[in-house]
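Contents: one structure, followed by commentary.
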């Protein structure tokens, strides 16, 4: 490899080259970078300070303790002081938070913020970061439009203005929010990267324009934006899923077999990283990838499989290490452990030599399914530990294998039980309709949401999903064409993943506190990819002016009208959500009708389709903005002082 | 070449400088005060005063249960405002408005604080009340509206009225 460092080499040049290489690796090109920074600026608008969902307490407490050097959750800084929050598990020697991958990935952010707040004001730092995202958007936009100096100046002016106006109304932001804010930052970064990856995928499979449109749709017109600022696992899993699909596509696209193998292995690496965040979601991805990969690979030689699974095995190392720390068994993910219950009684059950300083971290109150597995593995590991006598060298190996097989058998039986339940419920049309088409008021769900029917269906939350009606037609076309190329293989992977994900979660859906079918969020960026796979949808992008005007019109005017309507009705949260649901459904129906029947319309009327798409996306953006800043606000306000102030001004309404 | 006159560098340095100046390192300058809102709503520490009331009016009509937005599954309770004419107030007291629908086992209460020295008309009514639609079976429901005050000497009912709620 040619590598020269000459005397004349300027260090800044080397830095610039290195920077360019990293930027290209992550963002692809300037369009990817533009999507990234602009989506961060957008997400910042509804960056809440408080906790939206009780599971967040667990992860934030986990991060706080991890930043202090231990995964064991000894200090509870958020939520109920008992630490008894959803997702807190009774692990090996005390309580632990699940979603450890998210915690570890966020550690650098947390430390950086901690360091910054020791010299600077937290609120001003975060406002400055957000204003910098706007500045970066200006700079990159200038570069894209080939008006670099104008972009720099305009970006700087706009950023300075928003910064100053924010600081004018800024209030103190307490440092105790640090852990939660850091988790939100990584979640937003993941959501922004998801849009970048969808752009890279679609711009490779189709045109740059389609790619940019798809990336924008992911940010502005899907619930990905909604969950970006709520640090659940969803945004991270969505990112792992799209990176897997993108790597898979690259592995099939290239003709170079070495390169192909590298990308093939890489797609498994992202699955391995996903296990660290959420094992069950990663398993769904793994099954889909494995089946489609083995089926569509040009060859499955022993060497190739060794490389692929070797890489996968290595990517599982963080997962195994976490499991051993948390559950005492590398194969048993934290999610299968019983929930933590604050009791003073230390149970006599397996795996509970709990003597943590907080006391009462026993494994009592285990659910039936996990108690048996925990018991089995607990016994297994203790035997393995005690059998280090010189009598039998193989005893530890034997007991370890026994424990592992017990764990695998137990995990298998959980899976079988789940699958049989799925099979039972997949034919339930009510459930499918409520999940995908119209949710409305469902008594059993609303009861757990304080009587509010605040949960939307897939179509209500993401009306652009309506374009998927083209699927049967396109599928028939595809089968006729007998494609076995890179694109077909990727389509197959996307389809299999979406179906497996839906089937695995269907028994639990519709569910309370899910707002936008959040369990299916990882598939939503892929649905955007699907939408832009259809020629009919891509044709709509030929009218950028109609699309742009209708989109911005809907966002600027429609948002105000929707808010006024909700205020006039004195709408409750459930009602406000249903107003959006109904409007989105109508928009979705229009889009579906258009893409199906547009061929009957004369050539001059074609821009109407673009207007429909613009309205569909605009309505979803309105939903993101209004739900994020008005309906579903938290008591502790927003990170951006201006949004905080606006929210307070409107609270009398 | 990036120079200090570059607008991007200039703005970024301003952000950093502001953050540091407002931070703990520079004493005396704080751009982020604890609370910017003028704290005119005094905190209520308990009903330690008493109140004299000349008249209490509870309207007898226009109580309706109106269907909410399609799909929200609720009926919203609209009730006209009631008025309390306060003559004198010595110390803080609580005015309570309650509406009970025994048939639906529904009960809602709204509190208003009244500070020392207040006199004049006080309007009280429901804020945000709703009932699940699927629990409604009749066309009308009997309900009781009650206005009471909590003073230092305890709770005192000012007025109580039987009303009819119409399901629209």
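Cβ from N, Cα, C; glycine included.
So that you can see what the record holds, here are the features copied from TrEMBL:
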type     : residues  : note
TRANSMEM : A:31-53   : transmembrane segment
TRANSMEM : A:122-141 : transmembrane segment
TRANSMEM : A:153-171 : transmembrane segment
TRANSMEM : A:177-198 : transmembrane segment
TRANSMEM : A:234-251 : transmembrane segment
TRANSMEM : A:263-287 : transmembrane segment
TRANSMEM : A:307-326 : transmembrane segment
REGION   : A:347-388 : region 'Disordered'
COMPBIAS : A:353-382 : compositional bias 'Low complexity'
TRANSMEM : A:486-505 : transmembrane segment
TRANSMEM : A:517-534 : transmembrane segment
TRANSMEM : A:546-567 : transmembrane segment
TRANSMEM : A:579-597 : transmembrane segment
TRANSMEM : A:609-633 : transmembrane segment
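By the Cβ criterion (under 8 Å, sequence separation of 6 or more), the transmembrane segment (A:153-171) is not in contact with the transmembrane segment (A:177-198), since fewer than 3 such pairs are found. For the transmembrane segment (A:517-534), the partner stretch with the most Cβ pairs below 8 Å, chosen from A:177-198, A:234-251, A:546-567, A:609-633, is A:234-251. Here the transmembrane segment (A:177-198) touches the transmembrane segment (A:31-53). Their Cβ atoms form 3 or more pairs under 8 Å, with each pair 6 or more residues apart. When each of A:31-53, A:122-141, A:486-505 is checked for Cβ pairs under 8 Å to the transmembrane segment (A:234-251), A:486-505 comes out on top.
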